[in-house]
Amino acid sequence: MTEKARKRIVVAMSGGVDSSVTAALLKEEGHEVIGISMQVWDYSKFSAPEGEKFDTCCSLDDIHDARRVAEQIGIPFYVVNFEEEFQRLVIDDFVDEYFRGRTPNPCVRCNQRVKFELLLRKARELGADLLATGHYARIERGGDGLFHLLRGDDPGKDQSYFLFTLTQEQLARVTFPLGGMTKPEVRQLATRFGLRVAEKGESQEICFVPDNDYVRFLEDERGAGQLVGEIVDRAGTVLGHHEGTYRYTVGQRRGLGIAHPHPLYVVGVDAERRQVIVGPKEELLAPGLVATDVTWVIALATETLEAACKIRYRHHPVPCTVTVLAGNRAQVRFREPEKSVTPGQAVVFYHGDEVLGGGWIDAAMTEG
């Protein structure tokens, strides 16, 4: 590698196999690599069962793993404490959304407000040319000089959904070395590099709710016994009572605690009225949605476009028509009705493999 091609690159290291391989690959290519882990949460508040570890990223054990990998491959390593910022920018938003009757996606918020904002700023302070992460997504620069955000090549691991808020300025300073690889290929590289984390399991839970008990977490943050009220159907008939609207999400069937001759699902949550609205499976279907805080990776030249959209991470993209509205809003009409359109989740728009942009689901449309 020529000195001109050699770059100083900060790698966001979580202690997992993906970010570890990212760092090792860039070091092998001849770049000047600096590893950084983010301390975002006080894990002393939780204790895993004896002999077990939580399936999260960013715990103290994970930071220790990242430090050992950095030592192994011979790169400097730092820990930045973003606990205060993470509480304000991610956790408070997470709690607020649940108490508004919505179901948030904190991983998108973390990418948007912490990883590709605060950590990217820290990388620039260190004189880095680029920030690298282990995300399974790709960035390509077009002939027009603009950066295009694309799906990762591994369809089972593609994480482009979580990255829709990235701007042109951010994409110019970010790299995703694993975007063209599959997970098995990444593990093979980890083995070739001799990394201790080669067989480390996947992080499954939200990092600040390591036991996956959302209700306990929310009540620890805001107190129990709030937003208690009625379970009703669409007509307003009272079918039962609940212990807090934040315990429910659209599509939920279990835990309703009401007897009914037919299966009932949560079809809406009205925190203002303290009501959980239930109905048969058919009432989960919606012809479209309205999204707010919509952003575009590349500015649109039209007010209406045909695209495919995902309304949750594991959702298969479906054809839709997007109409841009005033105030960074958009109306999304599906070609066929979709199930469980959930306020608070992200809707992300695609054209083939390319991420066009996305926003936050504000409401499901009810008319045909």
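Backbone N, Cα and C define each Cβ position, glycine as well.
Within 10 Å of the C-beta of CYS110 (active site, nucleophile) we count 26 further C-beta atoms, all protein chains included. Residues or ranges marked as active site, nucleophile in Swiss-Prot: CYS110.
Look at Swiss-Prot and you will find CYS207 tagged as active site, cysteine persulfide intermediate.
Marked as ATP binding site by Swiss-Prot: ALA12, MET13, SER14, GLY15, GLY16, VAL17, ASP18, SER19, MET38, GLY134. DSSP assigns MET38 (ATP binding site) to a strand.
According to DSSP, CYS207 (active site, cysteine persulfide intermediate) is assigned to coil rather than to any helix or strand. Residues or ranges marked as disulfide bond by Swiss-Prot: CYS110-CYS207.
Per Swiss-Prot, the feature site 'Interaction with tRNA' maps to HIS135 (among others). Counting only same-chain residues six or more apart in sequence, the Cβ atoms lying under 8 angstroms from the Cβ of HIS135 (site 'Interaction with tRNA') belong to ASP18, GLY152, GLN159, PHE162, LEU163, PHE176, LEU178, GLY179. In this structure, HIS135 (site 'Interaction with tRNA') belongs to neither helix nor strand by DSSP; it is coil.
Swiss-Prot lists GLN345 (among others) with the feature site 'Interaction with tRNA'. Packing around GLN345 (site 'Interaction with tRNA') is summarised by its Cβ count: 25 other Cβ atoms lie within 10 angstroms of its Cβ, all protein chains included.
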Most distant Cα pair in Å, residues ALA12, MET13, SER14, GLY15, GLY16, VAL17, ASP18, SER19, MET38, GLY134 binding ATP: 16
ALA12 (ATP binding site) - helix vs strand vs coil (DSSP): strand
Count of other CB atoms lying within 10 Å of the CB belonging to ASP18 (ATP binding site): 26
Assigned element (helix, strand, coil) containing ASP18 (ATP binding site), judged by DSSP: helix
Inter-residue C-alpha distance, CYS207 (active site, cysteine persulfide intermediate) and GLY16 (ATP binding site) (nearest angstrom): 13
Between GLY16 (ATP binding site) and CYS110 (active site, nucleophile), the C-alpha gap once rounded to whole angstrom: 17
Integer Å distance between the CA atoms belonging to GLN345 (site 'Interaction with tRNA') and SER14 (ATP binding site): 24
